[in-house]
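Here is what Swiss-Prot says about this protein:
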type	residues	note
BINDING	G17, P18, T19, A20, S21, G22, K23, T24	ATP binding site
BINDING	T19, A20, S21, G22, K23, T24	substrate binding site
REGION	42-45	region 'Interaction with substrate tRNA'
REGION	166-170	region 'Interaction with substrate tRNA'
REGION	247-252	region 'Interaction with substrate tRNA'
REGION	280-287	region 'Interaction with substrate tRNA'
SITE	T108	site 'Interaction with substrate tRNA'
SITE	R130	site 'Interaction with substrate tRNA'
Amino acid sequence: MNDVSKTGLPKAIFLMGPTASGKTALAIRLRQTLPVELISVDSALVYKGMDIGTAKPDAHELSQAPHRLLDIIDPAQAYSAADFRRDALQAMAEIVAAGRIPLLVGGTMLYFKALLEGLSPLPSADPTIRAEIERQAAEQGWDALHRKLQDIDPVAAQRIHPNDPQRLSRALEVFFISGKTLTELTQTSGEALPYQVHQFAIAPASRELLHQRIEQRFHQMLASGFEAEVRALFARGDLHTDMPSVRCVGYRQMWSYLAGEISYDEMVYRGICATRQLAKRQITWLRGWEGVHWLDSEKPEQAYSDVLQVIGAKQQ
């Protein structure tokens, strides 16, 4: 398999999909038969000490197929799409320099988009404006601020849930700083990706099956010690619910349980529901994605063969 395309650009492979869709298993198999190196594209897997609730590949899987961009920051640190793009481009260049092909696998669609299309220059955070937004939220509630965003930027308001204060605050902040909406600014893409990319999306054909998998996996996480993992983070004392790490699906629900805000059963219910909602958002992103080849996760042999056929590799 040639690692340079007919266009003269180096090849890269994107393997995208919702949570619990079998991405990791397929990526590991491809790693065993193709000259590829794996790069994780997941905003939760970057955090150290967050292994069970993120379904991070285990030691055995990583010994078969090492992943770059896993365990690179502490949960107290921030990691943006711009940080990811910088780190992924560096990793891709190193992989190509070694004569291999980058295989990027994960479910953080914003990261894939940032890598593929580049990032528009958004204004830096302004603590004064951020504080004013927080003050208004305390007085009027986040629902009122969501209605305000609907007037300013209806496209962003449709995408951002009223219960997501972090993204809601940022959308308003960008407008108050720049006078331009988040939608306007993000339509101006930055530098495109200098690779010929083969894009794949893997998911079960049935939504019910995906929901069933999500529920099973959440219970497996609990049986594997997820509560103890989050309890250790909770006990640190320097983490709080405004941080992206604590807001990860599953973690924020367990955090609420440990804080005494909800019962154990409610935590399980909310955790499963939140994971299903995440999967729905991921699939919605992918349905609007251009140039993607769909793979059925319930037919792993066929999915594997389809990837090889599209990228022009011989069946192993």
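Cβ atoms are placed via backbone N, Cα and C, with glycine included.
Where Swiss-Prot records a feature, it is marked here on the structure.
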residue : record                                 : DSSP class
G17     : ATP binding site                       : coil
G22     : ATP binding site                       : coil
T108    : site 'Interaction with substrate tRNA' : coil
R130    : site 'Interaction with substrate tRNA' : helix
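Counting in whole angstrom, R130 (site 'Interaction with substrate tRNA') lies 34 from G17 (ATP binding site) by their C-alpha atoms.
Taking the Cβ of K23 (ATP binding site) as reference, residues of its chain lying under 8 Å away and at least six apart in sequence are, in sequence order, L15, M16, G17, V105, G106, G107, I202.
Take the CB of G22 (ATP binding site) and look out to 10 A: across all protein chains shown you find 18 other CB atoms.
Cα-Cα distances to T108 (site 'Interaction with substrate tRNA') place none of the binding-site residues A20, G22, T24 within 10 Å. Away from its own ends, the region 'Interaction with substrate tRNA' (247-252) comes close to residues 19, 43-44, 47, 50, 53-54, 166, 218, 221, 226, 230, 233, 241, 271, 274-275, 278 of its chain (Cβ-Cβ under 8 Å, at least six residues beyond either end).
Those same-chain residues not listed among G17, P18, T19, A20, S21, G22, K23, T24 yet with C-beta within 8 angstroms of the centroid of the ATP site C-beta atoms are G107, I202, A203, S297. Remark: T24 (ATP binding site) has A55, P57, E61, V105 as non-local neighbours, by Cβ distance under 8 Å and separation of at least 6 in sequence. Within 10 Å of the C-beta atom of T108 (site 'Interaction with substrate tRNA') sit 20 other C-beta atoms, taking all shown protein chains into account. The number of other CB atoms found within 10 A of the CB of S21 (ATP binding site), across every protein chain shown, is 24. Under a cutoff of 8 A between CB atoms, and with a sequence separation of 6+ in the same chain, the neighbours of T19 (ATP binding site) are A55, G107, I214, V249, T275, L278, A279, Q282. Secondary structure of the region 'Interaction with substrate tRNA' (280-287) per DSSP (helix as H, G, I; strand as E, B; remaining residues coil): 8 helix, 0 strand, 0 coil. Apart from T19, A20, S21, G22, K23, T24, the residues listed for substrate, the same chain places the Cβ atoms of G17, P18, A25, A55, G107, I202, S297 within 8 Å of the centroid of those Cβ atoms. For R130 (site 'Interaction with substrate tRNA'), other Cβ atoms within 10 Å of its Cβ number 16.
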